[in-house]
Amino acid sequence: MKCLIILVIFAIATTQIRAACNQQSDCPPGSCCKKPNSYMEGGCFPLLKRGESCYVKDNRIYDVYREKCPCGEGLRCHQFAEGIWQGQCVETS
């Protein structure tokens, strides 16, 4: 129970630090509007960096990303294997 309370407090604190958003244009360059989960409001988060885990397919619903931002400028999401939606941000070649 203590762990759950700590997680809820952390989620609320993290949400309040981020700028709220409802669409991509609400966020500054180098960031995206995403909802970390179904229960949280949208917030501006940094685009993914080289080596970070990403989604190969577009994961936007109504111009808000779900769970992960896309890879940053000059990067693309390289698919791990066919049939898997996740990949890793790598330099565009």
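Glycine too: its Cβ is placed from the backbone N, Cα and C atoms.
What you see is a predicted model, and the numbers here were worked out from it, not measured in a lab.
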Q: Regarding the disulphide bond with CYS21, report which of CYS3, CYS33 Swiss-Prot records as its partner.
A: CYS33
Q) Among CYS44, CYS54, which cysteine is annotated in Swiss-Prot as forming a disulphide with CYS77? A) CYS54
Q: Can you sort out which of CYS69, CYS89 is the disulfide partner Swiss-Prot gives for CYS71?
A: CYS89
Q: Can you sort out which of CYS3, CYS44 is the disulfide partner Swiss-Prot gives for CYS27?
A: CYS44
Q) Do you see any of the disulfide-bonded residues CYS27, CYS32, CYS69, CYS71, CYS77 whose C-alpha is within 10 Å of CYS21 (disulfide bond), and which ones? A) CYS27, CYS32
Q.
What are the sequence-distant neighbours of CYS77 (disulfide bond), meaning same chain, six or more residues apart, C-beta distance under 8 angstroms?
A. CYS54, TYR55, VAL56, PRO70, CYS71, GLY87, GLN88, CYS89, VAL90
